[in-house]
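Working notes, structure below.
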């Protein structure tokens, strides 16, 4: 009986908290213990009722779960027995309200289902006028600027190669949206004037946009439109009607009305151009490629203030710029579509005065065009004569006046009185041929006149040619008016330049075994009136040098029979034996016997010849060392720049004139007599 009492006593002091109804059973249990009959059945029933009441109250009150299911009463008397086995408290939050300050698995830092780790959402995007959308992944904190970067990675060739991510435009087509959108989203976006699309700003959250515009999910036909900042054609530019619209107005103008307003605007501009008498020369414009990408900041942004509601608008842009060829009576229904050229268009000579305030204007004229003819025609018109009719050819390459055509052709034809014109034409052709390094036959003035004049690019040679032709025609005007050319002009044309005075006195020996290089160097020297001879090997070069009269030798190193290094050593040895140049007394013995074949005349050889080594070898450093050691004065590597070679020849000629001034002066005197 004591065992049962102690067991019930332990159960009452155990870690299971019981309800008051359970404690009411203890007096009954003590009374049964004091009886003599040992009613085991009653005791068992009472214990079962107590266990049932304890299990019923466990769902309401917190439970204290012991780490050990069965312990003896002696455990609580051990040292540190209860300290090592602290109970764990578990509570349920099923029926308690959730407040924002409490820590839940959804907002816990250590939770695995936070917003930062949410799976990305797919966003459909597509390029305009295409039916093949694709998807990109966007996370919860991504904005439109991040979406642009994903689009560039998705289109690496068509968009990423030509455009930056920051320049892209992301639009939503409102025609595909069936759910009304909150007005707050409309305020932060920009609505384009003529289409039902919204431009998304870079700082908008992508997930928020998807929730607002596509609450039921985004389908493939709801793809966002990705536009690149390409230049729009002329019919999509702002017109005076659309330029005066308010920024907040979303009024839609039909396409037919916009076309009619654009047509009226072009007619007004053409009338203004005709009133200003800005006549333009018609030239074919180069077509712009379709894939040309121009930034929005580089496009022709039409200024709203430049338009006015008056009937006769006169924009300041028309005054500063030359007239576009599209305004010269070309029909809008023409099958040939002309795109706007962003370079300065070609203008006529009459509009040169209007371009004085525009320093960026470029004037391209034909080769045989003269401003003096137009000035004379304007003077005749202002004096009261009947104006000549201006005719434009079909290709638009030149303009001809009926009255002045015969006069110009007569001036361009060669005669006995315009010798200066022929001389200048030959000098001009010689200058052009010198750049190419090949000799060409000069064309006759009749062929130049009969050939069709084409617009020339603005280069140094074309500018020189245009200036020379205009000056020659103006000089011919003075010649025809006076009857005879002035002797001072003829004398100035025939006087040699300082370069011509120096260069003809030089005699060059070209030692080259390649026929092509011989032809190039020969043509180069002939155009500059330099006397030269060609040797094909080293032995032939020595034989020709012994005849005398050479100031410069262009020696190729790799030669047959005898190399250039060996030929240079032999030439320097012969100069040393014949005491040509300045040598020390100890270098040459006094009793040296010179053979007759090695003897050189002192009248012919006054100074050592300048030898320049030429090579095309890859091992140029070794060849240069060997050439300079053998006695060469300079070293050149092929291919040689002809302009640089001309400057070096001038330098070497001046050097020879200083060394042998008497011989150079005598030779120059003989050339003048001849």
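Quick reminder: no glycine exception, Cβ is built from N, Cα and C everywhere.
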Based on the annotations in Swiss-Prot, which residue of 142, 167, 173, 556 is described as 4-aspartylphosphate?
556
Looking at 66-115, 566-615, I want to know which stretch Swiss-Prot calls region 'Disordered'.
66-115
Quick check on the domain 'Response regulatory' (507-653): DSSP residue counts for helix, strand, coil, in that order please.
62 helix, 25 strand, 60 coil
